[in-house]
Amino acid sequence: MSLLQLSPLLALLLLLCSSVSETAADYENTWNFYYERPCCTGNDQGNNNYGKHGADHVREFNCGKLYYRTFHMNEDRDTLYVGAMDRVFRVNLQNISSSNCNRDVINLEPTRDDVVSCVSKGKSQIFDCKNHVRVIQSMDQGDRLYVCGTNAHNPKDYVIYANLTHLPRSEYVIGVGLGIAKCPYDPLDNSTAIYVENGNPGGLPGLYSGTNAEFTKADTVIFRTDLYNTSAKRLEYKFKRTLKYDSKWLDKPNFVGSFDIGEYVYFFFRETAVEYINCGKAVYSRIARVCKKDVGGKNLLAHNWATYLKARLNCSISGEFPFYFNEIQSVYQLPSDKSRFFATFTTSTNGLIGSAVCSFHINEIQAAFNGKFKEQSSSNSAWLPVLNSRVPEPRPGTCVNDTSNLPDTVLNFIRSHPLMDKAVNHEHNNPVYYKRDLVFTKLVVDKIRIDILNQEYIVYYVGTNLGRIYKIVQYYRNGESLSKLLDIFEVAPNEAIQVMEISQTRKSLYIGTDHRIKQIDLAMCNRRYDNCFRCVRDPYCGWDKEANTCRPYELDLLQDVANETSDICDSSVLKKKIVVTYGQSVHLGCFVKIPEVLKNEQVTWYHHSKDKGRYEIRYSPTKYIETTERGLVVVSVNEADGGRYDCHLGGSLLCSYNITVDAHRCTPPNKSNDYQKIYSDWCHEFEKYKTAMKSWEKKQAQCSTRQNFSSNQHPNEIFRKPNV
């Protein structure tokens, strides 16, 4: 039978073979070792094909799209206060799902007149002309709350009880009502505020804020409210603010955080870099500080800060030409550790997108503020450090008992020299973590101490603009800081994470987006990992090799966060035995879907055979094929392919298969799997025929171009006849 006569039969059989799924042809790969349980999205349970996914570690609070963008946590009261559109919610820290949208809330809607005025200025009635709560701070040991909202582009502040009820008229708080310079006009503007009860002039409490102080956004300000003696209902100290319309002090800043530490209040923000303006436009990240006892100058700077200083924050990849992440997006400080700040940075959105996490030590910050000042002698000159001999005494920016007694030379100097020369460098010469094509929005940090092992881990939870959380662990080995990505999980797909908080008492992470709030247990363990390899690298978890499960860490469990013991999980790796038919193609794999955190890791397959011993598999299109999930396809198995196949990630064993080849090629089939094996062999044979057919057709096409164009030439002639 010729190849041409066989082609209809080939076409039919090849069509049948191509309609068979890969899992039918490679029937052995219907079972895998690893899968990653879903984490935090609402439909996880319905889509989980690998066992029931308990949702007890993920809880949600949702009262509609209310722009949940402000958190204030009070662990003593087991409460998370949430600022939203026209509302403040009181959410149960233990279980946010138990909170009620109608009961645990106070409504703070703007008046009709405020809304009408807002709309008349061209603002949206359904978003802009609402009261978006942007500041919630505890007062009086948490008995009362200070609240400030945009109030239809007419900022307004309130003092309410911690149970979300209004104060009676008899408890009116003087100085409260007008929220200008305390929170923004525009709900989309970044701002920060912190209520400071100790260390201020006269020991009086007051709010420190960083925000826009005008509807037009022309006046940005770092501000402290008037300080009142509440018992006497008397103003003791007037407000203090940055110099108005002076780009050396502030130039279009975006504020991201503020902190009360010792004698100072620190502010973190990004702004247009005045020192770079002669070379073009750039945005730099800053840290600024003011003394809490600052009362301004006597004649100069009477209503302004007399101790205001700022310095650049440097988050960059080190090198001869460092790569800078110039735009700070968020900052966090552990309540138990005032010596460090952790922050997320991004590149400019106009160029190559990238994000990084950097940490800063208070000693490096103090060194920058104690260093040289920077100045520009004329509008066309470069910015240069100021000689120490030109710095007046007492040193500008130093906290003194009464700043109104500072000499004019000091006040004049600080008025024109608020910028420090030295940047604040991040720790360890490199970011904790960085990644391109990613926008980090918020972060929180946890610290885990295992005393018996004398080991400390810092765990970063970093939110993105697409609703994902990157979980990163940092640890020290021989004095060197090391960090690695542990996990990536989706919390709110395609929603930007707007705010985050973490509770040590409840061991929970809280995430806010415009649509919802979610609570996630820090120790997910068996609800996230089904295998030893992933489990032992999470500092919250440990592998129980007796029960073959992942549990919250205890001393008798396996754990290897630093990956120092590559074979720690070898005894826990499941090993599968497979019998395959001669000529069969078999698919071996460890993952149903490879976790994203492992996609860039090197996966290596090894074959242990009788003839060659142990050797590394080299991929080839005719024998060994790598799948998209790092699995291995062995094509057309023969006796030499028998033996053990091990899959390694780095030095760690992930999974193992022991293959036995059935050399009796004509064994009568006795079950459905045997029929599938034979059918797979036929498909393999017809693939060979298909290849031969294509080769024949190609040669036929080449021959047809050589045919004689004369009408009397025989179609089968291979030589051209000479013309007669």
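Start at 1 and count along the chain as shown; that gives each residue its number.
Cβ atoms here come from the backbone N, Cα and C positions, even for glycine.
As the structure is a computational prediction, the values presented were derived from the model and not from experiment.
A C-beta separation below 8 Å, combined with a sequence spacing of at least six in one chain, links C129 (disulfide bond) to P110, D114, V115, C118, V119, K123, A152, H153. Annotated disulfide bond per Swiss-Prot: C118-C129 (among others), in sequence order.
The disulfide bond annotation in Swiss-Prot covers C291-C399 (among others). The number of other Cβ atoms within 10 Å of the Cβ belonging to C291 (disulfide bond), over all protein chains shown, comes to 23.
Long-range neighbours of C358 (disulfide bond) (same chain, six or more residues apart, CB within less than 8 Å of its CB): L313, C315, F325, F342, A343, F345, H426, E427, P431, V432. The disulfide bond annotation in Swiss-Prot covers C315-C358 (among others) and is backed by similarity to another entry.
Residues annotated as disulfide bond in Swiss-Prot, with similarity to another entry given as evidence: C525-C541 (among others). All protein chains shown were included, and the count of other CB atoms within 10 Å of the CB of C541 (disulfide bond) stands at 24.
Take the CB of C535 (disulfide bond) and look out to 10 A: across all protein chains shown you find 27 other CB atoms. Sequence annotations record features per position, and here Swiss-Prot assigns disulfide bond to C535-C550 (among others).
Taken from Swiss-Prot, the feature disulfide bond applies to C590-C647 (among others), supported by similarity to another entry. Neighbour list (C647 (disulfide bond), Cβ cut-off 8 Å, at least 6 residues apart, same chain): L588, C590, V603, T604, W605, R630, L632, L653, L654, C655, S656.
Residues annotated as domain 'Sema' in Swiss-Prot, with sequence analysis given as evidence: 45-522. Mean pLDDT, taken over the domain 'Sema' (45-522), works out to 95 on the 0 to 100 scale.
What Swiss-Prot records for 552-663 is domain 'Ig-like C2-type'.
A C-beta separation below 8 Å, combined with a sequence spacing of at least six in one chain, links N95 (N-linked glycosylation site) to R59, Q519. In the three-state DSSP classification, N95 (N-linked glycosylation site) falls within coil. What Swiss-Prot records for N95 (among others) is N-linked glycosylation site.
The N-linked glycosylation site annotation in Swiss-Prot covers N163 (among others). Classification of N163 (N-linked glycosylation site) by DSSP places it in coil, neither helical nor stranded.
Listed in sequence order, P184, N254, F255, V256, F269 are the same-chain residues six or more apart from N190 (N-linked glycosylation site) with CB atoms under 8 A from its CB. Here Swiss-Prot flags N190 (among others) as N-linked glycosylation site.
Under the heading N-linked glycosylation site, Swiss-Prot lists N229 (among others). With a 10 A radius on its CB, N229 (N-linked glycosylation site) counts 14 other CB atoms from all the protein chains.
Taking the Cβ of N314 (N-linked glycosylation site) as centre and 10 Å as the limit, one finds 22 other Cβ atoms among all the protein chains shown. Look at Swiss-Prot and you will find N314 (among others) tagged as N-linked glycosylation site, backed by sequence analysis.
Swiss-Prot lists N401 (among others) with the feature N-linked glycosylation site. N401 (N-linked glycosylation site) falls outside any helix or strand according to DSSP and counts as coil. Cβ neighbour count for N401 (N-linked glycosylation site): 8 (other Cβ atoms within 10 Å of its Cβ, all protein chains included).
Here Swiss-Prot flags N563 (among others) as N-linked glycosylation site. Close to N563 (N-linked glycosylation site) in the fold, though at least 6 residues off in sequence, lie R537, G650, S652, each with a CB less than 8 Å from its CB.
Taken from Swiss-Prot, the feature N-linked glycosylation site applies to N658 (among others), supported by sequence analysis. Within the same chain, the residues at least 6 positions away from N658 (N-linked glycosylation site) whose Cβ sits under 8 Å from its Cβ are K575, K576, K577, I578, G643, R644, Y645, listed in sequence order. DSSP assigns N658 (N-linked glycosylation site) to a strand.
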Self-check item: Count of other CB atoms lying within 10 Å of the CB belonging to C399 (disulfide bond)
Solution: 17
Quiz prompt | Tertiary neighbours of C525 (disulfide bond) (same chain, Cβ under 8 Å, six or more apart) | solution = C535, D538, Y540, C541, C550, R551, P552
Quiz item: If one measures from the C-alpha of N314 (N-linked glycosylation site) to the C-alpha of N163 (N-linked glycosylation site), what distance in angstrom results, rounded to a whole number?
Solution: 42
Quiz item: Which residues in the same chain, at least 6 apart in sequence, have a Cβ under 8 Å from the Cβ of N163 (N-linked glycosylation site)?
Solution: R90
Quiz item: Going by DSSP, is C590 (disulfide bond) part of a helix, a strand, or coil?
Solution: coil
Self-check item: Helix, strand and coil totals (DSSP H, G, I; E, B; other) for the domain 'Ig-like C2-type' (552-663)
Solution: 9 helix, 48 strand, 55 coil
Quiz item: How many other Cβ atoms are found within 10 Å of the Cβ atom of C590 (disulfide bond), counting all protein chains shown?
Solution: 28
Self-check item: Integer Å distance between the CA atoms belonging to N401 (N-linked glycosylation site) and C291 (disulfide bond)
Solution: 10
